[in-house]
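As structure tokens, the structure follows; a few thoughts come after it.
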């Protein structure tokens, strides 16, 4: 399996290198490749939600720095679903994903739809640069300037704009659910005291905060060999791993009954216990999504240094112009208000949200109000199980909804 993974990664970079040289400002495998076979121009509501029998609304919100984000609202469950007091819940996906993260499984196993059927007012958001959130008031996605951001900006601009919009639309505080990078965005914002006044509780699934001990071979190798920095030097400002060539290749590999394609995902996320092989095919129909190469560099810096700092320009003068000091500021996660209800779920097989890193996070949160924090540990869970696992409803979603109902 290791040799197969090395081969696939090698082929990826061989294909990537000449294309990046040909266009030092922007790279994409194929901007016109279809994510949905017959509905590329449709929004997530029409493509993924309404066909399953749910009411769904498309919304747009503009961030302070001009990015136009796509949101979907599922205000009601299916006929026969439970009616509740319609408290809003905002779902934030992780790296190289979009809002479809929460809709990949059947309705009774997809968190967004499970929440709607249980009386919650569900909101989904896709971060800047993903398929449905590529708009900007003045910048073109083909420009280098469009991709000049990291998760610092996701926490400082995308998340506040989304929170404020949902709060204005509903007139209520909201529950927040983040997966992977979505947890880091939330913790970074909460640590600065932002958004707390609009938040009932926050759920952190497969939390990404301290990542200095990650055991993912791909993630660690990329960080230690400065691969993201190399790609940016080559002119790759948009990192888009999706395209016709790659998707067709992987699908051909995955239809071979002798090959279990969950292994490809496992090599990055850890050995997910509870994914059906068929879910990988569904995943490839819709994901992965673009991010900025600068964002990948930022995450690589965190892996190498074991800290949660703002982006380091590796130039004292540039850092000083940006931050007023020669080194980037550190996010103090201990500053998250101690009375903010937190639900933290992690797995023993997760190679991105490693157990030792999560232990360090919990140590930082040791003074949190004990009545306001729930820690759920599942020994056999890896990084993708909470959003794609066949038993995620029983293992994660039911306890999560019970947590929400306590903190109303």
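Note: Cβ is positioned from N, Cα and C throughout, glycine not excepted.
The annotation active site, nucleophile is assigned in TrEMBL to 180. Under 8 Å, Cβ to Cβ, and six or more positions away along its own chain, residue 180 (active site, nucleophile) finds 93, 94, 95, 97, 205, 206, 208, 352, 353, 383.
The active site, charge relay system annotation in TrEMBL covers 350 (among others). If you draw a 10 Å sphere around the CB of residue 350 (active site, charge relay system), it holds 29 other CB atoms from the protein chains shown. In three-state terms derived from DSSP, residue 350 (active site, charge relay system) belongs to neither a helical nor a strand segment and is classed as coil.
What TrEMBL lists as active site, charge relay system is 383 (among others). Taken residue by residue with DSSP, residue 383 (active site, charge relay system) is part of neither helix nor strand, so it is coil.
The domain 'Partial AB-hydrolase lipase' annotation in TrEMBL covers 46-105. Across the domain 'Partial AB-hydrolase lipase' (46-105), DSSP assigns 12 helix, 19 strand, 29 coil.
Under the heading signal peptide, TrEMBL lists 1-22.
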Local confidence of the prediction over the domain 'Partial AB-hydrolase lipase' (46-105), expressed as mean pLDDT: 92
